[in-house]
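Asks: Quick paste from TrEMBL:
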type: COMPBIAS; residues: 738-755; note: compositional bias 'Basic residues'
type: DOMAIN; residues: 560-693; note: domain 'U3 small nucleolar RNA-associated protein 13 C-terminal'
type: REGION; residues: 699-768; note: region 'Disordered'
type: REPEAT; residues: 1-25; note: repeat 'WD'
type: REPEAT; residues: 33-76; note: repeat 'WD'
type: REPEAT; residues: 77-118; note: repeat 'WD'
type: REPEAT; residues: 282-326; note: repeat 'WD'
type: REPEAT; residues: 327-360; note: repeat 'WD'
type: REPEAT; residues: 380-413; note: repeat 'WD'
type: REPEAT; residues: 422-463; note: repeat 'WD'
type: REPEAT; residues: 464-505; note: repeat 'WD'
type: REPEAT; residues: 506-537; note: repeat 'WD'
Amino acid sequence: MACHASGGLLATAGADKKVCVWDVDGGFCTHFFRGHTGVVTTVMFHKDPKRLLLFSGSEDGTVRIWNLESKKCVAVLKEHFSAVTSLALSEDGQTLLSAGRDKVVIVWDVRKYNSKKTIPAYEMIEDVSFIDPGSGLFSCLGIKPTNLKGKTDGYFLTVGERGIVRIWCLESAICIFEQQSSDVTINIENEESRRGFTSAVMLPNGQGLICVTADQQFLFYCPTRIDGGPFQLNLYKRLVGYNDEILDLKFVGEDEQYLAVATNLEQVRIYDTTSMSCSYVLSGHTEIVVCIDTCVSASGKTLVVTGSKDNTVRLWDMEKRSCIGIGKGHLGAIGSVSFSKKSKNFFVSGSSDRTIKIWSWDDTLDDVGSEVPLKAKAVVAAHDKDINSLSVSPNDGLVCSGSEDRTACIWKLPNLVSSVVLKGHKRGIWSVEFSPVEQCVITSSGDRTVKIWAVADGSCLKTFEGHTSSVLRASFLSRGTQFVSCGSDGLVKLWTIKTNECISTYDKHDGKVWALAVGRKTEMLATGGTDAVLNLWHDCTMEDKQEDFRKKEEEVLRGQELENAVSDSDYTRAIQLAFELRRPHRLLELFSQLCRKSDMEDPIEKALLGLPKEGLRVLLEYIREWNTKPKLCHVAQFVLFRVLRSLPPTDIVEIKGISELLEGLIPYSQRHFSRVDRLVRSTFLLDYTLTRMSVVDPDIDESTTRDDTNGSSVENGEIAQAEPVVLVPEENFEQSGKKRKSSKSSKKGDKKVKAASKGDSNDVSIIA
């Protein structure tokens, strides 16, 4: 793709052999060009916005110039014999550079559409770019004017398959600068990797240069020239866009700030855990690096040992960032390496040739500038199949090996004498590790289990099951009280050894988790797998405890605030606090108190109007729960009525999950209504029975003495406590509905109402 200088046009091209020009604002295609017979690899607009010219290069070896005004191809430049990969235009717009995989750069005259010269580059060029005379890169070159008009010759840079930056003089066709070494690891067997650098872009304001590699790395270079010395490009930052499969990783250094990562490459990448940027790489192996281990030597130097499919092990000095020792002797790919834990002056290696070797070095190795061959102190044929894992005990007295033959063996150091054979797994063993405090070994296997074994007699102490696929790694945590495991199911599990329980499972990978590293001092975990994702895990146990304590403390304070609000009869605030604290029982008590008071509707409505939609949803969930219990249904209906009356229907409809909530409310509400309706109708039967028994006599003697104050009747000197009788108007009987009284009963009911109205009290006394 390429964008026009005006910003209004966008050119695209691809494998369909076509070139399209798009209107950026309108989003429609304005031009459609055909003519190339191969994949179009590059497009570029003319730098002058007034000259509507478009340049395109293709795998057919041609460069075409398109006129956007006439919508025609005005020139076809045929000089390349291979794919054209890049185009560049000079500042004056009169000179065009084209570079390709035929290892040449051709200079074209844009005015005459002919070639001026051909510059051999002796490598497949992936990108070419003119150097702006006002850029910092140009000033660092120290170029002076070369003609009488004070102008300098044109200069351009190229990048390609060699993975180096070269700067050329356009007039003399001479390379004036070339990087001495490449920062890109070239894999001869990988066609993509052979491309080295695929693109180079100069940063604005003279900040430097960005080069992009075929394996999706971004290398940032800064041009420097110190005290008149030679021009240099210093790599100051590396961003890795893709890791491919991560096979192994380990924390590096005393403070464990760095992480060594082995991927499907011949190099080891060293990441800074604070920024997760790749600080540098360790290059030297000729095949994929499979395993890594690190340590800090007795002299205080940080060392890294790597094993590769090239059948060699390499010892690296992190301060020098170079290989200081190489061990040869294995006849197969190295499957595992492990440093000694105490003396830190030897390491062991296991290979697919089924042997274990012990390698040692002395302090003089650090002072040697070049690679020194390492010698094997001891060798043993350990297993019947490939060795996948090795671990040295904390006291350097034992080494444990795990193999595809389903066994793990414990060997005595330094002579590699067999001590114990651990048998019990049904599939191959992928990892082994000694406990940092106990005399036991942990193993993980393809049979989906993790086992802990006693070192003394080789008995199986515990078996842990939980993974649904092969367990690829297992490592101790928390001074041997816990361990973490990862497997082919993409899960990372944390286990407590004492209880045999998996206390947590983490699903952050989309493929097999091959690599697991435990930070002994930083309390961090690192995992990597086939999904090319590198995850860092932090131990947040203390933070969680502190957060729980803070929440409990805050809950106590707010609980006291709730009780104070109830004491002050500030029910609006009390309801809001009960909601915030998620105390449904206390909220029910508040609503029950308000339900018995007739003048408390206003506080309820204020509290309901102050609730957010999420709070209303929670309230309706509480109401739904209360409504299922007959003892609490009255309060539930009371609150539900206030909600429906206080809030507009539009707000209620917008509550999340309102349909499910109503589905739970309606059936129980109908059931409660039917029950109340039956109770009301049953009271009519009592009224009818009393009337038919003439207990309520309409012709009560008006001279009957009544006590208006306490509702008692006085007759023959005896006082009888009056029983209150509720008098219901006739229209209420008609509204209740399904059963109607007879006309005779209605007339007698009217007489009863009249008789009651004659008295001075609202109570009717019935005396036997």
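Each Cβ is built from the backbone N, Cα and C atoms, and glycine gets one as well.
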Asks: Taking residues 6+ outside the repeat 'WD' (282-326), which of them lie with a CB under 8 Å of any CB in it?
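Replies: Contacts of the repeat 'WD' (282-326) (Cβ under 8 Å, skipping residues fewer than 6 from its ends): 185, 247-254, 258, 260-268, 270, 332-340, 343-345, 347, 349, 351, 359, 361, 363, 365-366, 368, 371-374.
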Asks: Per DSSP, what is the residue tally for the repeat 'WD' (282-326) in helix, strand and coil?
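Replies: Summed by class, the stretch gives 0 helix, 27 strand, 18 coil.
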Asks: Report the DSSP secondary-structure composition of the repeat 'WD' (33-76) as helix, strand and coil residue counts.
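Replies: Taking each residue of the repeat 'WD' (33-76) in turn, the totals are 0 helix, 25 strand, 19 coil.
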Asks: Hey, which bits of the same chain come close to the repeat 'WD' (33-76), Cβ under 8 Å, at least six residues off its ends?
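Replies: Sequence-remote neighbours of the repeat 'WD' (33-76) are 1-6, 9, 11-15, 17-21, 82-89, 91, 93, 96, 98, 100, 102, 108, 110, 113.
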